[in-house]
Amino acid sequence: MKGKKVVSYFMAAVLMTGICGSVPAAEVHAEGDYEKVVYAFPSFNNIPTEESIASVEEAINEITREKINVEVDLMPLNIAEYTQQVTLALQGGEAVDCFMSLGDFNNCVSTGMAADITDLVDTYAPETRDLIGEEWMKTTTKEGAVYGFPTYKPVALTPMVVYKQKYVDELGIDMSKVNSIEDLTDVLRKVKEAYPDITPLVPVNSGETGIMQAAGDVDFLSDDYTSPKGVLMGESTEVVDFYSTDRFKELCSLTRTWYNEGLIMKDAATTTAAAAELMSADNSFCYVAAYSYPEADTAASLEAQCGNFELGAKIIGEAYLDTSSVNALTWMISSTSKVPEAALKFLNLTFTDKEVVNLIIYGIEGRDYVKDAEDFVSYPEGQDASTVPYTAQLSCGVLGNFFIMYPMAGTNKESLDWELEQNKAAKTSNAMGFSFNSSSVKTEYTAVANVVSQYLPGLQCGSVDPETELPKFIDALNSAGMGSIVSAKQEQLDTWMAENK
Amino acid sequence: MVKAAAKQKKQSFRKSVPLLVIALPAILYILVNNYLPMFGVFLAFKDYNFFKGIFGSDWCGLDNFKFLFATENAWIMTRNTILYNLAFIVIGTVFAIAVAILMNEVGKLFRAKFFQSALLLPNLLSWVVIAYIGYAFLNPETGFINNTVLSSLGKEGVAWYTESSKWPFILILVYLWKNMGYSSIIYMASIAGIDKGIFEAARLDGASKLRQIFSITVPLLKPTVIMLTLMSVGRIFFSDFGLFYQVPMNSGALYSTTQTIDTYVYRGLMELNDVGMSAAAALYQSVVGFIVVVAANAVVRKVDSENALF
Amino acid sequence: MIKKMTDEKRFRIIASIILAVLAFLVLMPIVLIVIASFTDEHTLIAEGYSYLPGKLSLDAYYYMLKQGAMIARAYGVSIFVTVGGTCISVLLTTMLAYPMSRKNFRYRNQLSFFVFFTMLFNGGVVSSYIMWSNIFHIKNTIWALMLPNYVVTAFNVFLVRNYFTNSVPDSLIESAKIDGASELTIFRKIMLPLAVPTVATISLFTALCYWNDWTNGLYYITDSKFYGIQNLLIKIMNNIQFLKSSSNAAMLGTNAVELPGTAVRMALAVIGILPILIIYPFVQKYFIKGVVVGAVKG
């Protein structure tokens, strides 16, 4: 008996200390006269050493001390670990003031990660608010409260087919006639006929053939496009189950035809390689994906990773903007931040101050990069991205304002205008600005997500027969609770529509 | 009487003090590392909110547990998890003991070193890499098995990643490949602990080698087998995520034989990223394991109290 | 007599043959990784993995060489953590297992339960993180790689306890007690030397565990100076994975520079196991010795 008591005493002690321990340690923010802001951003490059980061911070501080009375603490985190490390840091009560949603705006809001900054925006970041514009600010506003700024960059993703030029030339294929994913079939056939050993179409990723992005005007209503649930089709404002639509059925039979005729990679649903790797082999011809650059730029920029083949790109659909295309990358202030005003002031600079944003991206001029007369950036003689002390160059599409960053040498300044134009001209969903809060249907979401991952890759890659599998898929979805998700979405959408019309 | 008993108790406590002192550092560590964070279990019953923190978040009853049962596949994933674990316990133990006995026979020879390193190596590889190797073997078009083995036998290739009936064998094979060397080490150490005199006596009595193994070595390994089995039984609702997710390349057609509780939770929460629900899943798995292991331990204690875990 | 010798010899030969076959089967896939890491990337994609690849290439290792300084540093961190962590762990584990193995120890069962409970229940990552980083402030220190999770694991404790219970006769302890030895002396002078085989076993397990661990690094380390080798390898791997997936690249507006893919992943695996391949034969000498020595004494 006594033994049990010992154990329970231990447990009680444990719980007590547990409770005390979990109270977030109050971090001392103010150092000197300046408020300290921690800016956590994802980096695709090597994470620099503390010393190199400190030197960049010092250069930024020289600007920020004077302009906004703030000192910054840069926290570059590895992209693949970004979400987890930021989440843990916030749960642990550590000071992280500015962070990015990384595709998860709704989650950040519904779990209380992001602070409501409605009252602060007009005072501390009016320039950024104006830059983003009313239309886009709606995407980061939820139930009347503002939660952040979307990264300002080319967001209009246009579906394209990226192909190897030499086959097109040899076979005299006129790519300008290819204007939809359906038009692609004949091209694939021609290639297959002339070169039986070639796999004409390869997947973008394992189980992902790009058809979802080429599906046409679909608003995925806050879902990941790789696993959509309830969606809006075209002009309609009625939420529907994407997999029950005729469009999805057509796409499935299209890929099934490809599969049966050997036009698509046989193991597209399970391959370990992504498009870039597959394209760098000799036995592939094209893949379908969506990009935000003009055709020629896209092709040119992909050549290096695709085995240095000469590539071409052809747009096969129109860019379509929905809420997620804008707010996928939203900069937010953490709800636990002790200095939301200072954090917002700094965030404002990353959207408006050329020097600040370029320091974060490229580091210190001379040491980390060199710049020519026209502001084109390259690495110092004999150095590259992996050897300079500091660079976050690959994060250029993630931080603040893309359009005020120095371009890398070899890029094209005119493209920027095209991209800016696309942002404005792209077709926009009726529900632009609406975002879905899934917390009332979480249970159904998990079950449905499992069903989708079970059936979608096979259907999308044509490796299963839609005649028999699609009905099974739809049945499974319905018993997993797809209906509740659709009606929850519809309900929220109707409320939103009523408020915003 | 009472006084005497109290005195005895006191005495036995005093006797225990030195032993407790020796154990103290580790006890403290376990308290800090394992028991202090147990307050995280509350998360399973909370609608977690970052701003409010673990203790401030709203209670949500058993809502977080619902998703584990809200699917018609709940039965399949539970069945898979249990059956695979049972298979791993039985087959894994047999192989590990066999390897340990063989290893013990060649123990002092030079080649023993080589065998041992070889069998241990797979344990150093991550599941992602193992999945790649698996793919190299099983890929329907370029894979080693279809391309080299089956075609030289004149047989048709198999679409490995869509034939769910093949996967129980594949997964058990991969499991053995990765863990056999590692678990045999435990038995090697146990065999080393057996009094050599017993073998000597048996040999003088004219017992053959095989006889010695089955009459001496195997029975004497019983305590280790019981202990290891009890520990695995406690984790009967858990599965090695990498083995069931990475190795089958997340192929949907294989779910009927590869879906386990862990992979279901992972796939379901990938987008939602909900701490409360993942805490609920872990708690569910722990509680079931706990019940099973306490029951199993009670049985062992009855039959053979010496070898019970607690 | 002669017949028995041949029986033993025959058995030894059979055992060797079986083990040789097993070792061959186990090594086959690993050889494939090594070969794949030396295979030309394009060949790998077009022809798949092969024992006789069409074209060899050192590209993957050139890519690794560029990160050479970082890899060397990470090796250093990993070796330090593995050695340090294993020493602390073995000491604490045996010290806990010894009292648990004593049949007349009053809290034996309670302690066993206390340890076993941790094998089933845990508070999860979030609360562990809060505790280690807010109370002990180990974030971005070398301790972060050593202390959380692995120092005393239930599995190892039970292995040692079990060994003590079954291989050390009670009479040995009793007679030592009669000679007036304290518990600590008994532990140090009698139990530890007898436990060599099992100490060898748990040292090996713990060392492998520290060497293979990357989660502590993921949770508690953001300063690149404390990356261990597994963390570094996983980061490189994840980055390649992330950037190669065009959908991510498109969303983030980033175009990946030329990154080698599959071959590098295999090279990473080779780099991860290489030190063990080099060090293990040396450690193993002691390991086997430990097992054999224990056997003689027992």
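We count from 1, first residue shown onward.
The backbone N, Cα and C atoms fix where each Cβ goes, glycine too.
Noted in TrEMBL for the protein shown:
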type	residues	note
DOMAIN	C:75-283	domain 'ABC transmembrane type-1'
TRANSMEM	C:12-38	transmembrane segment
TRANSMEM	C:74-99	transmembrane segment
TRANSMEM	C:111-130	transmembrane segment
TRANSMEM	C:142-160	transmembrane segment
TRANSMEM	C:190-211	transmembrane segment
TRANSMEM	C:263-283	transmembrane segment
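Here the transmembrane segment (C:12-38) touches the transmembrane segment (C:263-283). Their Cβ atoms form 3 or more pairs under 8 Å, with each pair 6 or more residues apart. The stretch from C:111-130, C:142-160, C:190-211, C:263-283 with the most CB pairs below 8 A to the transmembrane segment (C:74-99) is C:142-160.
Distant neighbours of the transmembrane segment (C:111-130): 96, 99-100, 105, 148-149, 152, 154-155, 157-158, 161, 219-220; these residues of the same chain sit at least 6 beyond its ends, with a Cβ under 8 Å from one of its Cβ atoms. Here the transmembrane segment (C:142-160) has Cβ contacts under 8 Å with residues 77, 80-81, 84-85, 88-89, 92-94, 96-98, 100-101, 112, 115-116, 118-119, 128, 132, 136, 195, 198-199, 201-202, 205-206, 209-210, 213, 215-217, 219-221, 226, 228 of the same chain, all six or more residues outside its ends.
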